[in-house]
Amino acid sequence: MSDSKEPRLQQLGLLEEEQLRGLGFRQTRGYKSLAGCLGHGPLVLQLLSFTLLAALLVQVSKVPSSISQEQSRQDAIYQNLTQFKAAVGELSEKSKLQEIYQELTQLKAAVGELPEKSKQQEIYQELSQLKAAVGELPEKSKQQEIYQELSQLKAAVGELPEKSKQQEIYQELTRLKAAVGELPEKSKQQEIYQELSQLKAAVGELPEKSKQQEIYQELSQLKAAVGELPEKSKQQEIYQELTQLKAAVGELPEKSKQQEIYQELTQLKAAVERLCRRCPWEWTFFQGNCYFMSNSQRNWHDSITACQEVGAQLVVIKSAEEQNFLQLQSSRSNRFTWMGLSDLNHEGTWQWVDGSPLLPSFKQYWNRGEPNNVGEEDCAEFSGNGWNDDKCNLAKFWICKKSAASCSRDEEQFLSPASATPNPPPE
């Protein structure tokens, strides 16, 4: 019996050895001794023991690598946390973030409120129609201004501004469209312009007289006003005035009659030139003297020279009537005007340019507190309702005086103020 058991044990040992080799175990001397010790236990228990032992060995070998991987992973997480903390530190404070968020919300809402493409196309079409309508009007400054404004609005709409801006543009376009609609038709404007041209040509052929010049000036002003394209009510008013002017011009004498009147006036003027006149043209006659009120300004000494060049002298006042007449002329024009009075020769001693002294009765004409000789004021002037002393080197107007010419009685009657001025043409 013992002999038969030994071959079986050897066979079982060989089988166990092959199974263990299939599981990946290498046969060692210790292993053989251990197998020998366990040879008397069940085969399943031996296999389970060896399996647990192998698993423990594998886990023990993996512990160091798992620890290193966990450490590297923690380091990576720490670095990410550090970077995130730094990034959060750079963010603005909470109020700033809320403000940005609100602005984003508003922008999103504004973009959502933009008009649809069809609405934008409608605005663009109205712009094109307005542009075409303005292009048909005559080339006037007001229309060019409208056209430029339309072009600017067209460019602005093309840039799609925010809703409030688009509404403003749309309202302005509506007003412009209404304004263009109120303009007269092209044919009506041409008719007005043609009538203006005809009236201008007709008036241009009339003799140069005050009434006709007034009509001509009014026509020119009306033409300029029509060129600026005022509002409809103003255009109707201008058109009515043009109609009235046209009727008035039609009532004027014929061209041949006007030429006859003009020739007679020319002959009359030539005859008057040959007659004796008390004072030259642009001079004023008063009590046997002629007075010239300048339209330019000079200092006191140059004013004396200017009067001498026309055979006169800087005015010397001889009577209260003459003083009142000259003071009235100066105050009416609201001018500071030199007279021929100074104290240049001796301070405080006033005398006229003809060498005569200032009479005591004339001292009443000085303004209150004058003469005061502030800053070497040595020359007298008409100032307001009286006299004033001022610096002689200042530029002021001046009055020249000379005796009037003597004429016969018939010439004096003929040259009365009523006959000396040519009659205007009949109105």
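Cβ from N, Cα, C; glycine included.
Per Swiss-Prot, the cysteine from C290, C307 that shares a disulfide bond with C279 is C290.
Among C392, C400, the cysteine that Swiss-Prot records as disulfide-bonded to C379 is C392. Between C307 and the candidates C400, C407, Swiss-Prot records the disulphide bond with C400.
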